[in-house]
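Asker: Here's a structure for you.
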Amino acid sequence: MSDKPIDIQYDKQATPNLSGVITPPTNETGNDSVREKLSKLVGDAMSNNPYFAAGGGLMILGTGLAVARSGIIKASRVLYRQMIVDLEIQSKDKSYAWFLTWMAKHPQRVSRHLSVRTNYIQHDNGSVSTKFSLVPGPGNHWIRYKGAFILIKRERSAKMIDIANGSPFETVTLTTLYRDKHLFDDILNEAKDIALKTTEGKTVIYTSFGPEWRKFGQPKAKRMLPSVILDSGIKEGILDDVYDFMKNGKWYSDRGIPYRRGYLLYGPPGSGKTSFIQALAGELDYNICILNLSENNLTDDRLNHLMNNMPERSILLLEDIDAAFNKRSQTGEQGFHSSVTFSGLLNALDGVTSSEETITFMTTNHPEKLDAAIMRPGRIDYKVFVGNATPYQVEKMFMKFYPGETDICKKFVNSVKELDITVSTAQLQGLFVMNKDAPHDALKMVSSLRNANHIF
């Protein structure tokens with residue numbers, strides 16, 4: 001065997017013949033084939049099955065409608081906010097009753113559900129008549145006001161109750177175009193004017209009811225100040241002091257002094273204390289808030305709340321202030337439930353919760369029974385004695401009832417002096433009322449004044 005190496009030559013460009021080699025199939029070709037078959041099968045099913053096609057169409061249609069509905073709702077809300085305006089009036093607001101009265105008088109309203117309001121009207125001669133007003137009840141109502149349509153919706157809550165009067169809370173909502181929102185002011189001003197006309201020239205008396213002030217009876221005709229005859233200088237002195245107080249609010253504020261003024265009228269019963277306060281309220285065009293400290297279930301907290309939430313332009317009247325706490329202690333065992341303390345009254349008069357710009361009048365027949373704490377300045381700033389009739393008052397009262405009867409007046413005054421007794425102005429008025437147009441008969445009956453309990 002030769003050791004000479006064998007030299008093998010090959011062509012680098014030659015391609016090997018692999019025809020005899022078996023190559024395994026790849027997966028890609030098979031997967032593509034399966035997908036094509038499934039796609040064809042599903043496509044045929046969707047195109048050939050009418051139920052499937054209809055369901056898909058409905059789904060697409062429903063989705064489109066839902067999107068459209070959502071868009072419409074959002075667009076309508078935006079449009080509502082831009083074009084519509086609402087005004088809500090709650091039943092606890094003063095304007096609520098005013099608005100219902102205005103609605104009752106409005107001629108151009110469309111209402112199918114009505115409620116009735118009953119009003120008592122007291123005439124100057126003392127007679128009382130009844131007037132019924134039909135107002136819109138709960139529900140929707142349309143009115144046309146100054147060319148604009150207004151929707152009025154009155155709602156009554158079934159779950160919320162006003163504990164003060166036991167009635168459900170109510171709201172009235174007025175809806176109109178935004179461009180007409182100025183009509184709300186016009187409506188409220190008209191309603192206010194109608195309400196104020198019922199009290200024009202009259203004095204409104206308020207009394208406490210639960211935690212709030214309520215009108216007591218019908219507004220009373222104003223009593224003229226000249227109709228109350230006190231001793232010389234008393235009436236004028238109080239009136240000057242009140243006017244001075246009312247015009248110096250800034251002076252009080254600049255000096256950090258509470259803007260309050262307290263008056264005490266003391267003297268025997270029937271001397272004209274309460275009558276003067278009524279006449280003063282008429283002179284000032286003020287109302288009167290009467291607070292009975294002996295009221296059942298009155299507490300210190302309620303007292304503070306009432307005195308801090310008085311109606312505007314009102315005089316606070318505390319009558320028989322000396323008897324309030326005595327009565328409570330004397331009748332406590334018999335079921336009297338007032339729990340106002342003396343310190344509670346003092347805090348209500350001058351505490352941090354007391355109202356500013358307050359005129360308070362207190363009356364008493366026994367000033368000696370009052371505690372010194374209540375007599376201090378800041379609680380009582382002006383004290384005046386209102387006593388029985390003096391010769392000055394007897395003369396003035398006689399001439400008021402019998403103008404021009406000067407000679408008989410002198411005889412009457414002298415006859416009263418000769419009785420050597422104290423006579424109240426209430427007794428004199430009773431005598432004069434009994435003899436309205438008969439001054440001579442009044443003179444003859446002077447002796448009846450000896451009996452203070454005489455009924456004319």
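Keep in mind that glycine also has a Cβ here, set from the backbone N, Cα and C atoms.
I grabbed these lines from Swiss-Prot:
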- G267, P268, P269, G270, S271, G272, K273, T274: ATP binding site (BINDING)
- 1-44: topological domain 'Mitochondrial intermembrane' (TOPO_DOM)
- 69-456: topological domain 'Mitochondrial matrix' (TOPO_DOM)
- 45-68: transmembrane segment (TRANSMEM)
Asker: I'd like the Cβ neighbour count for P269 (ATP binding site), meaning other Cβ atoms within 10 Å of its Cβ, all protein chains included.
Answerer: 13
Asker: Measuring CB to CB from K273 (ATP binding site), give everything in the same chain under 8 Å that is also at least six residues away in sequence.
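Answerer: Counting only residues 6 or more apart in sequence, the Cβ neighbours of K273 (ATP binding site) under 8 Å are L265, Y266, G267, T363, V386.
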Asker: Among all chains shown, work out which of the binding-site residues G267, P268, G270, G272 has the most CB atoms within 10 A of its CB.
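Answerer: When each Cβ's neighbours within 10 Å are tallied, G272 leads.
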Asker: Count, for each of the binding-site residues S271, T274, the other C-beta atoms lying within 10 angstroms of its own C-beta, and report the residue with the smallest count.
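Answerer: Counting other Cβ atoms within 10 Å of each of the binding-site residues S271, T274 gives the minimum at T274.
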Asker: Relative to the mean position of the Cβ atoms of G267, P268, P269, G270, S271, G272, K273, T274, the recorded ATP site, which additional same-chain residues have Cβ within 8 Å?
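Answerer: Filtered neighbour residues, in order: L265, T363, N365, V386, S424, T425, A426.
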Asker: Name the secondary structure element type, per DSSP in three states, that contains K273 (ATP binding site).
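Answerer: Once the DSSP labels are grouped into three classes, K273 (ATP binding site) ends up as helix.
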